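**Student:** Just dropping this structure here.
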Amino acid sequence: MADVDDGSELLFFDTFSHEEVTDINLDLVQFPKPVFITQVRIIPLGARVQADFPGGVRLGATNPSKFDLEFFVNDLGMPAASAFENLGLLRYNQNDCIHLDCSQEKIVTDGLVLRGWYSTITLAIYGIFTNSVTEPIASPTLPCEPVGPEIANLSGEVLLQEDVLKDEWQEPMQAELLTAHKGNVSDYDPEDMEYGMSRDHYHQHAEEQEQREMRRLRRSTHSTDHSPPPPRRSHTHSESNDREYIRCSRDKGSRDWSRSPEYSSHRSRRKRSERSRSVVDEHKWPRTPPASIDSPTRPRSPDTMDYEDEDSRSHYKMQSSHYRHSSESLHRGERDRDDEDRSCTPQEQFEPILSDDEIIGDDEEDDAVDAAAIAEYERELEAAAAAAPPAIDAFEPWQKPLLVFEGDMAAHFCKELETLKLLFKKLVLQTRCENVNAFSEEHGASVDEREQFVYLGEQLNNQLGYLAQHYKRRNFVLQQFFGNDELHLRQAANVLQIALSFQAACMQPQPAFKIRHIKLGARMAELLGSSEELFQHLLKEHKFDIFEAVFRLYHEPYMALSIKLQLLKAVYALLDTRMGIEHFMGAKNNGYQMIVEAIKTAKLTRTKYALQAIIKKLHLWEGLESVQIWCRRLFVDRIIIPGNRDQMEDTVITCQQIEFAFEMLMDALFSSQLSYLQPRRFLPVSKKFEVVTDPTAQRSFGNALQSYLGQNSLAESLLVMLANCKELPATTYLSMLDLMHTLLRSHVGIDYFVDDAFPVTQTIVAILLGLDEVPRNPEEKEEKAEKSDAEDKAMEVENEAVEAGGEKPTPPTADEEGKPVAAPISVPAPAAAPQVRPRPILRPVLPRLARLGIEMSYKVQTRYHLDAIAYAAAAPEYDAVKLATHMHAIYSQTCDPAGRQHTVEVLGLNNNLKIFMDLIKKEQRLQTQRQLSSPGTKYKSPVLSYAVDMVDACVRYCEQLDYLIEHGGVILELAKNHETFEPSVSAVLQEMYVYMKPLEAINVFVYDDIMPLVEVIGRSLDYLTTFPGDLIMAMRILRYLSISKPLAGQKAPPVTEELKHRFVALQLYAADGVQLCIQIMERLCAYFEQPGAHAPALMTIQGVHCCQIMLPTLQILRELLSYAILCRDGTYKDLTAIDHLVKVYYLLYYFPTRCQAGPEVEQCKMEVVQTLLAYTQPNEQDEESLHKSLWTLMIREVLKNVDGPAHFIPGLKLLAELLPLPLPMPQPLCDQLQQQHKQRLITERKLWSAHLHPQSGQIAKLVEALAPSSFPQLSELLQRVCMQLSDLAPNMTLLIAKTITELLCNEYQTSNCIPTTNLERLLRFSTRLCAFAPLKSSMLSILSGKFWELFQSLLALNEFNDVVSNCQEAVHRILDSFLDSGISLISHKSTASPALNLAAALPPKELIPRIIDAVFSNLTSVEVTHGISILAVRNLVILTEHDFTFYHLAQLLKQKITEFQAWMERVILHNETVEYNANIESLILLLRSLTQIEPPPAMSAMPHRTLKLGATELAQLVEFQDIELAKPPVLSRILTVMEKHKAVANEAALSDLKQLILLQASKQEILAGTSTETPPEAEGEANPSASSCSASLTVEPYLPQAEGIVTQYEARPIFTRFCATAENAQLTARYWLDPLPIELIEDMNEPIYERIACDLTDLANVCLNPDLNVAGDSKRVMNLSGSPQSNREMTPTAPCFRTRRVEVEPATGRPEKKMFVSSVRGRGFARPPPSRGDLFRSRPPNTSRPPSLHVDDFLALETCGAQPTGPTGYNKIPSMLRGSRVGRNRGSRISAAAAFRQKKMMRIGSPSSWAESPGSYRSASDSHFSSSDSHYSSPHYSGRPRGRGLRSRPSYLR
């Protein structure tokens, strides 16, 4: 160690550490008493230091190896000790310069501030203790100078106005001291004008910068008295702070504008969101506070509390204090100044550093003088704060109206219009183009003029081609050029006629000019074909048929192929307008026929391809036109006749045609777009390595398609269909939603919705979101309130447009009110219709509609802001305020996860990102201009910051990489040159650079070599759990190269298959790509071990980053495995990936439902399922190979992983996703599709059953293990899986049935025939399974034997505790299903014998009498008020539905009439003497069912009932034989009870009872007369012949033996009619695939005794190993321990420039490389409550002891999991508690907006079914044995709603 000055001693030795090196860091050393600092020495990394204090050798830990370090001290020798003194600058270099000598300064100080770009620093400070301190000197008051009015705007241009821009818009001033300002504006320095202050002001207050620096430092480490120290960069401001700031801000006096120019704020991303609105609302703020507020007794330097947080301004803080904002870092600046350069004149005042309370206290001394001014100023501040909007301009689709930008297009496109006019003028002046004849030599046209025509015509074509690049621009310019201007029309017509004239072309002297002339004409016709004005002018005025002229050229002999193709392009473009198509199709020679003939005669493939593109374009027009006609016919012109079969059939046919048109449009948008284009140099082949796209052809087709959509009013058709969706078939309704989603994925659809159909779009969004009216602007609401009778200028135009589109609007009807979407929104009603108050619907019923509405609203709003930004950027006057306002709004949209996704999708479309790239270039040029006057200064610009933020958002979150191909190189260079920008922008660019690293490889998007990408991924694996951006981007690029674009709903293969993707997949597979993907999945699953415990982290941005890695990994793995299995077929046996795929699914299951990555999680789940289904591709031929097939092995691995409590529910859900959904499924409209699907569905289920059969034992074990579960959610999901398994084939349903039966019997026998809780659970589990038709059939086939004996034994039990009662209730419910003939595999259209169908639906006929006896015996033995009694009566009622069961029931009642009458007496007595009970209504229903026959259902395959009891039998049944005659009849007693309790009795039961009394009375009348007389007519109507009925009851009806279960399976229905709006849960895929939410499970399914008390401590002692370290393992699982991996993994995102340090593994002692994670900012400084003393001097000592812990001791403590505290303690906060954030990334921004996100979640996520999956993954037609339908129905097993087959039952027995 080098010698130091004599007398110097070591004052301080310690290490400071920080998380990141990306920020300038500050640290403070405080000494216990004043000292002279003589030397500061930095200890390099690894350097050994021998110290005199205890502890021996220490090691340096300074990192990085080079940086600049500035030192500041509190100079106690200066007057009032108020100035920070610059002690010096050390340019640290570990090999050269490590110490700073300060012996010359001799400054007395008690604190040292360090500022530098370091992450860790070890330093030693030497000095001399002293006691000399200069006393403070009082100072006179300084007069307040007014602020100059000259202020510059954001672009640097001078604005001579009084409104002062807010501080956050201003840019930092250079720290130099210059001369006083002049009075002339031109003499101002630009940076002076930026701040509105002169250099005089700055010169006068030069020393006050140090005061502001110290106050800034002090504020950065102190908080309010009642709040704990918040985490670094996450200061939360309370309301008390807001009020305190308002009070303090009045002390600023006339220097309120002042702020530290050099230490300007290092804004976070959240800060930028607030900058945007400051200028907009600047008029609401007072420019300066009253001058009299300054204290007259003592001058005060300007308070700089606004030094850092823009949100600390009161108007932000009052409304947005709930946002978290990052604290800010200090900027680097020039700080070396000599004492001579400072003014030390008496006029320069100094003051001691005071606390905030002291400042406020000083104000109290002047209250008598300043009270009025203070109150007025505070009122101004509070009013401005109340009027200020929130920091984040949240877009709320349910509340905020959609907007469309209506800029001044004439001014915007004036240059293009003038250029076009100039070119035509030159053509007219320099050539003879009056007509074709004038172009010839005979009329004086020279050779030069003819050649000039070609030159100028090509220039004109170039300009027209430029116009055609933008649909809106082309239409506007041509409409302005030709609209009502005969001169221009005449000029263009003449030029076009000459250009298309073969004669004129032949007049060209040179052959080259002849060809150029013809090409010129073809191109001009193509470019001018979209103008209807010109087309009409040519036809009417010139009698010129442009189609005829083009075809004449086409058929000229020896015409070259290239020219023919160009002429066909002209024909193609001329068909963009309705007038062009009508003329083309209606000509003398039909144009369509001409094209067909040309195809027949064409010999070249390229010619045929171009001709068929014209045909397809005409078909597309016809389809869109027919949709408009059919929608008008269906919903506007038609009068609905209920029950009209012809009308229903016509509707089905029409809807089928609409579906075909929609499929054609979706096909044209994506999958087969190439077949609609006219690409250059394209040879159509079936397979090609790469199809080179032609942007011009794509743009031409896009323009044509948008024109077609507008001319055929597609949006109006969609609106009408959406409003009348109840009348649509399911497939049509879903096809319409698919089309809307497809349109929103393309820029053509978004442009159409915004530019051509905006009023209708607003109404569509309102319907999708379930709103009762379109949201309006507040201004519009006020206008409407003031002028209720006036037409609203904004919204009523929309309604008129909708009415014009519909012409004959339909009024809202009752039907529409029952729709699943918003009932009040429909086609607007006529004015004459009565005013019906709409019922407000705040939420949609269907989640898919809401998601579609949110997507549409965000994308339309994004287009509005993009248009506004583009117009403002191109305006002659660069208005940065307007730009920043719109950019802030679009930035705010990205604060919501859904809005962020939809916003970046729009940015990635149609080269929209170019808008922001151009803005960045423009801002860079402006900064270069500013730097001419102030070299080296980095200016701030909100426009630049927002533009960089939006590019960053696109880079981070946009999955489509078209933007990267276009702008990737520019973005990469921008990120590399981040140091040229101010720090806040530089930090964003540095983080963006990590994402852009893969683009450093040469030609990364070339398909020849993907090894650079594989290397990037391999390198990133070590840092996988930090979610590095380079890995995310590399995986996205690899996915782009290896997988063709996903085409939703693609049914036909593309025209030309590209082989490049398969080539990349082969390269990746050869480079161990499968293992690479498995490693990524394995590490993520290991990091989130026990994922249920990580749910809070998965809810945050950490979950988003996890999915950003997981999704492309799964997609690539699926592509590789699918291709490998397809190629190798049955020889592929690698099952390595299955375990990892299942674990990934478990991890995805535990993502919270409404997490930020919700859509990505669902997509990842689908990818896992589809990847597993790839193992079902091989076709096995024999039974032996079937047992070892890849399909069977995959199922075995999946079942094997359902191995623990945390895996039961997600494992069953995965199994449910893999298995086919139960039949029947919705019936397609097309009969041909129905036949195709039928065979495929049956074959698919047979194959699944065959491959599951070898795993029968494993399936049985799974059911046995989970069936007794008391957890309702698990039991519910297992029931669904069992139903899916049993639906496959007879062998699987028998497996499930036998497993359940064995479980029940074994449980009963094991418990010595005593019912147990476990048996009750199993019976309750079986109840629902027996109501499922396939399982009922198999259960009935094995019912005879011990299964029935179990039921009989349970029903015979007479001890009635809760367990027995519940068991008996379950048995009754099972018998209910067994006896219900409506639950059957037999279709209602079955042609078999009805008796045979009945035999299949009932238990074996020999068991039926025993079942009836057991039910009746149980009924008579239980209490009449018990629920079992009602269930037993219900089963007896079901027995009356068919003759066979009715016969045996009647025989039993005759045999046991005494018991029946005794039971009746008990029921009647209870109701007479105790209380009214519903069992008396059950008795009435039973008697009614015995005596009356219900009318048969319309469609039934079961035999009709013919038997019933007559009046005599009824009398025998209800009349007692041995009772007193004084007692009234039974029915009369029942009537008395019903009349007595009429208020609660059921009216239907009372009506039935009166009919029974009448029937009994008819029997008494017969007895009073002759016994041989016939019954009265009334009885004859009810019973045709009593005697015949009685006779029939003596003969048992015939019931044949039931068919086998295999035969029943073959006869079951495959399809059923399905209504998309029907409220039947079983008809949707969600019912089968989603676990039942716990909150929806009824209490009756979870009895109280099932909630078993449990002592977790005892359970842990029993189940866990005594040697297990629970605390340590818990920390390890939660990544809270100090293991070598954990600290690296705690950082949620990768830092830009990774730094590493050596850690020691506690177990092994070996060093381990790990990511460096530092302590929170502030070094654990205490935060005492404010006091009147000096905060700097009153802070308790924390780093002042020289013998303190060294960095190595810190690392040892940290590694062992300890929490070091004390003077150098880290006081680390785990990342889980601190929140998921790093630096300034977008994640911290979103995490910070907690209140905003919570509001959005409440708004978007309130319905419980909001996050339900949109449907089955099986909608993709290319999956193996997949189904294109996502909804399934099953009327055969859905159970009877009232328990009596297909006939309705009285409501009182529900």
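Keep in mind that glycine also has a Cβ here, set from the backbone N, Cα and C atoms.
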**Student:** Which one of Ser258, Ser278, Ser1823 gets the tag phosphoserine in Swiss-Prot?
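**Tutor:** Matching Ser258, Ser278, Ser1823 against Swiss-Prot annotations yields Ser258.
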**Student:** If you check Swiss-Prot for phosphoserine, which of Ser227, Ser301 comes up?
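**Tutor:** Annotation hit in Swiss-Prot: Ser301.
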**Student:** May I ask you to name which of Ser139, Ser295, Ser934, Ser1813 Swiss-Prot has annotated as phosphoserine?
**Tutor:** Ser295
**Student:** Swiss-Prot annotates one residue of Thr221, Thr297, Thr304, Thr1572 as phosphothreonine; which residue is it?
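**Tutor:** The residue tagged phosphothreonine by Swiss-Prot is Thr297.
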**Student:** Based on what Swiss-Prot says, identify which of Ser312, Ser788, Ser1828 is the phosphoserine one.
**Tutor:** Ser312
**Student:** Would you mind telling me which one of Ser260, Ser1834 Swiss-Prot calls phosphoserine?
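**Tutor:** With Swiss-Prot as the source, phosphoserine is noted for Ser260.
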